[in-house]
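What TrEMBL says about this protein:
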{"type": "BINDING", "residues": "B:THR146, B:LYS173, B:THR184, B:GLU264, B:ASN383, B:SER388", "note": "substrate binding site"}
{"type": "ACT_SITE", "residues": "B:THR184", "note": "active site, nucleophile"}
Protein chains: 2
Amino acid sequence: MTVTAPKGFRAAGVTAGLKASGKPDVALVVNDGPDKSAAAVFTSNRVAAAPVHWSRQAISDGRADAVILNSGGANACTGAQGFQNAHTTAEKAADILGISAGDVVVCSTGLIGEQLPMDKILAGVEAASAGLAADGGHDAAVAIMTTDTVPKESVFTGTDSEGTEYTIGGIAKGAGMLAPGLATMLVVLTTDAVTNPEMLDVALRDAVRVTFNRADSDGCMSTNDTVVLLSSGASGAVPGEVDFTAGLTQVCAELARKLIGDAEGASHDIAIRAFNAASESDAEVVARAVARSNLFKTAIFGKDPNWGRVLSAVGTTDAVFEPDALSVTINGVEVCRKGGIGEDRSLVDLGPREVLVEIDLQAGDAEATILTNDLTHDYVHENSAYSS
Amino acid sequence: MTVTAPKGFRAAGVTAGLKASGKPDVALVVNDGPDKSAAAVFTSNRVAAAPVHWSRQAISDGRADAVILNSGGANACTGAQGFQNAHTTAEKAADILGISAGDVVVCSTGLIGEQLPMDKILAGVEAASAGLAADGGHDAAVAIMTTDTVPKESVFTGTDSEGTEYTIGGIAKGAGMLAPGLATMLVVLTTDAVTNPEMLDVALRDAVRVTFNRADSDGCMSTNDTVVLLSSGASGAVPGEVDFTAGLTQVCAELARKLIGDAEGASHDIAIRAFNAASESDAEVVARAVARSNLFKTAIFGKDPNWGRVLSAVGTTDAVFEPDALSVTINGVEVCRKGGIGEDRSLVDLGPREVLVEIDLQAGDAEATILTNDLTHDYVHENSAYSS
């Protein structure tokens, strides 16, 4: 059910012929209300795609009635024509749905630097509108896939202080992350809780900060990353901000794990936890530096607990630590102790897909975890063959 | 001849048994004077190897009489024992050569987090000392190789204002760079020009800044990177600082090209030139961002002129530019013009090993070029199998 699990939403996923594979490539999610509150976060890449420029405007009033998404083309670096195409797509959906184009969020993903085939896009919008269903969330999740091998979906159910139930649902695509991101990450979240745009904005930024922004597949930031949250208020439940944010964070965390778990070519899912840090920011910087080391990531692919590549990445940061106080534990084995040689590295078992690297900074009590994956032959293969 | 091309130097390369392969692994370069001026630059990694800590002290007085180098072990993250081992190595060389241990620079490269087998190291120092020869530069170049497939050497010859000839020679190892660096970069430079420590320091930093520091193979910074310059004064030539720096830069540039050309697993040598930048720093930041994009580097491996991956990397920087003013030319074809679609990408020929990517920022008149290579199956293979 995913984005149609909360009351007040319909969705669809259809095949418009944008993908050479003939797989579904246009998705539509509609909020039937009664409320139309919304919030979104976008890529911080300065070379942002046309739909990102459009959607930033559309969401700026805290309202969105629908999200139209396409795979099979990013509509990025496409100039004035590209922006016009995003606008035209929104207008087409708005006309059919009887809403304002300014309340339609547009998302695209695919190859950068090609104009979208607008005849196919517009026919796809028509087909998706005709196919809208109260159980269409899964179809929408499938239609936004690019190199994803499985659709990513998550649902959370909570109750407010009066015991009234509300639901948060989400779909995601992209083997990566928000900023930076591998390929493009697109996420649509829905809820039937009674909210308001300010509450949604705060909750979404909080949730994204500790979930999607800490999933770092390959350090590359997309031009199209978008996370949009729509609220219908249809449940009548009025959750507190803390509870709502916790539920939203749970959905985002599950989707982030699924994105990293399906990252292009990955053979290991790696969690890098920096702890005993002077600040959460320090912990994040340290964990991210390790997550971006190609030498570390290839070592994990080779099942080689090469902890020197962890320390050499940590050493590039300006986080608070003393080099000879650092310890590193890989899958439970403390291979580096106080900057030097710890337990025998041959004790580390890197056979399982899940890998946990823990870095003790001995500088405070803050921590953060970055999710990433290994760098494999298949990553090189998939990304060397993507557009050709 | 390389580091023994200038007068006043002897060198040697011997097999001490540090490498399982049985290849040469200990090198020694000795300055017989009359002058012993020296300068060096080291990794900026805060997790610096024991020999880097030792050598920073040794060079701090602007004098070095000898450089002892080993492959087959980095002596990094080895604690107090590791520092003692670097010290012992310097003392051994000093005893044999009749010089002060404090004038011996020590360099190591290999796996991080293992103690060096000191019996083999000390025997290697003895053998290298016994083997010192006025034509031993090439042997030294061979003995510092790790994953290098060829030794890297360069010689420059110039004249001072009176017509007296002087020479600068250099050897290098490591498929990477100074900061950051792939594996470890070690470089020994020698000259018989009459200089002084201050002039050497300024010239070396100038030369390194625009050569080794602009060769970025895989964005990873080593714990051991060292570039050391020794001056014997034996030619009697007294070049001006500008001429000397130009010659030194030429040697460093040739060595940097050779390092990138032999980078682990690379199938393309890529020069990324950012021009019309507001500042040289902006140009460098932009070119380096592209050089560090795994998506860009895998695309080049796949002979795919995927210019969207160039723009999405440029967009992550804070350099001065307008996104819709950016143009990108790949091997002479302007595939992106003013932020949008330019010439047909199918016109780009990525068959040759040499690739030139030019990014027009339309923001000024500064420029910089970063050298890198593509990300290949062989890179993943070599680095997933390195220590195991």
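Placement of Cβ uses the backbone N, Cα and C atoms for every residue, glycine included.
A TrEMBL annotation is a machine prediction, not a hand-curated record.
Feature map: TrEMBL annotations on the structure.
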residue  : record                 : DSSP class
B:THR146 : substrate binding site : coil
B:LYS173 : substrate binding site : strand
B:THR184 : substrate binding site : coil
B:GLU264 : substrate binding site : coil
B:ASN383 : substrate binding site : helix
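In sequence order, the binding-site residues near chain A, meaning those of B:THR146, B:LYS173, B:THR184, B:GLU264, B:ASN383 whose CB lies under 8 Å from a CB of that chain, are B:ASN383. When each of the binding-site residues B:THR146, B:THR184, B:ASN383 is scored by how many other Cβ atoms sit within 10 Å of its Cβ, B:THR146 comes out lowest. Within 10 Å of the C-beta atom of B:GLU264 (substrate binding site) sit 26 other C-beta atoms, taking all shown protein chains into account. In sequence order, B:SER71, B:THR109, B:ALA141, B:ILE144, B:MET145, B:THR146, B:ASP148, B:PRO151, B:LYS152, B:THR184, B:MET185, B:LEU186, B:VAL187 are the residues of the chain that are 6 or more apart from B:LYS173 (substrate binding site) and have a CB within less than 8 Å of its CB.
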